[in-house]
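Chemist: Pasting the feature list from TrEMBL:
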DOMAIN    7-337  domain 'Acyltransferase 3'
TRANSMEM  50-70  transmembrane segment
TRANSMEM  91-107  transmembrane segment
TRANSMEM  135-154  transmembrane segment
TRANSMEM  163-182  transmembrane segment
TRANSMEM  194-211  transmembrane segment
TRANSMEM  223-244  transmembrane segment
TRANSMEM  256-274  transmembrane segment
TRANSMEM  281-301  transmembrane segment
TRANSMEM  321-340  transmembrane segment
Amino acid sequence: MSKRFLNLDALRGLAAILVVWQHSSEIFIRTPSIAQHGTSLAEIISQLDFGRIGVICFFLISGFVIPYSFSGARSSLKTFAIRRFFRLYPAYWISLFIAVALAWLIADRVFPTTTVAANITMLQSLMGFDNVQGLYWTLTAELIFYCLCSFLFARSLLASPQTLLLFCWGGLSLFIGWQLLGKLPVSLPELPPTITYIPYCIAVMFCGTLIRHCHIENKDYWYATLALAPTFFIPLLVLGLHFLGMSVTEDPIRFGLSHLIALLIFFLALSSTFNPWRPLITLGTISYSIYLLHPVVIRLLKWTVQQPWGQVFSSFTLEVYLLATTLGSIALAAIVYRLIEKPSINLGRRLSRKHSRNIVATA
């Protein structure tokens, strides 16, 4: 694997940890015995929006990598579907099962059967159901991107920079158009913020694809610029409108800063000539499981400090809880990766190779 892709693996690891810190700090800083030690770190994490930085890095990496999972062979579409299914769903289902079980065990909360059933599909956000874990909406955005890439591949358009640019611009237009319409005296359907944000996420992913055209294949510089400029001009626009007295997104300063920081980190990872730190590469390997499972670790740790027997653990500084959550998430993710995620990935590869051989045999 080239150093550039090792850097992206390391960036995956960093992005996962940023998300863990965001969610951990949001939860634990609400505890007075923790907040009394100071809230400066929590405020930095919140104002820079570490979680959104991590998510945007994930989306840029997906756009950079996923479209190149397709080969020129016609059977590649089914191969892609098989491998993506086994890459995403088994670990996701495990996280869903653990989240539902833990909610029942420690909070006596029972999710409606229809909600759990909808979450099994990973498309619950589009079906109007709640996410069992809030971060699941990002996986819906990923699935939409995969479907769009599959459609473009089937139409022999996935390598067309003009088409990729149009999809990027389309996502941006949907996002900013909806935000601006919301400021006008017109009646609009009530949509969750995550749903209205998905078109922007799709645009970011297609922007990542065009960056790869430019950065690795040394072509389509003009199209990459036309994608990159508006995609990351929007955060500047949001900031500018906010300072002029018009807020078009929730918390415009966090929105603007986090997107720009994510872009900077992504380009630093792409252009770095240094060998990435080995532990970050390892974290990148299990980053999907870290992402899925860290809310479970946070919930369990929070429950522990709320118990009478757990009061002894309830008055440390925030840094201690961030460290505990990070280590717990890594440990649980490593187990799930070893027992579920990696075997599922290998199974998907075997099944896709078998399918390809069958295609050749019957040709």
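Heads up, the Cβ atoms here are built off N, Cα and C, so glycines get one too.
I'd like these features described in context: how deep, what's nearby, how far apart.
Modeler: Within its own chain, the transmembrane segment (50-70) is flanked in space by residues 8, 11-12, 14-19, 21-23, 76-77, 80, 83-84, 138, 141-142, 145-146, 149, 153, 158, 201, 204-209, 211-212, 254-255, 258-259, 261-263, 265-266, 291, which lie at least six positions past its ends and keep a Cβ under 8 Å from the stretch.
Non-local neighbours of the transmembrane segment (135-154) in the same chain are 19, 23, 55, 58-59, 62-63, 66-67, 70, 76-77, 80-81, 84, 88, 92, 119, 122-126, 160, 163-164, 167, 192, 194-195, 198, 201-202, 205-206, 291-292, 295; each lies 6+ residues outside the stretch with a CB under 8 Å from one of its CB atoms.
Same-chain residues lying 6+ beyond the ends of the transmembrane segment (163-182) with a Cβ under 8 Å from its Cβ atoms: 148, 152, 157, 188, 191, 196-197, 199-204, 206-207, 209-210, 213, 223, 226-227, 230-231, 234, 237, 248-249.
Same-chain residues lying 6+ beyond the ends of the transmembrane segment (223-244) with a Cβ under 8 Å from its Cβ atoms: 161-162, 164-165, 168-169, 172, 175-176, 200, 203-204, 206-207, 210-211, 213-215, 252-253, 255-260, 263.
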Chemist: Quick test of the contact rule: Cβ under 8 Å, at least six residues beyond the ends. What residues does that give for the transmembrane segment (281-301)?
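Modeler: 6, 8-17, 19-20, 23-24, 27, 58, 87-88, 91-92, 94-95, 98-99, 102-103, 106, 133-135, 321, 324-325, 328-330, 332-334, 336-337, 341.
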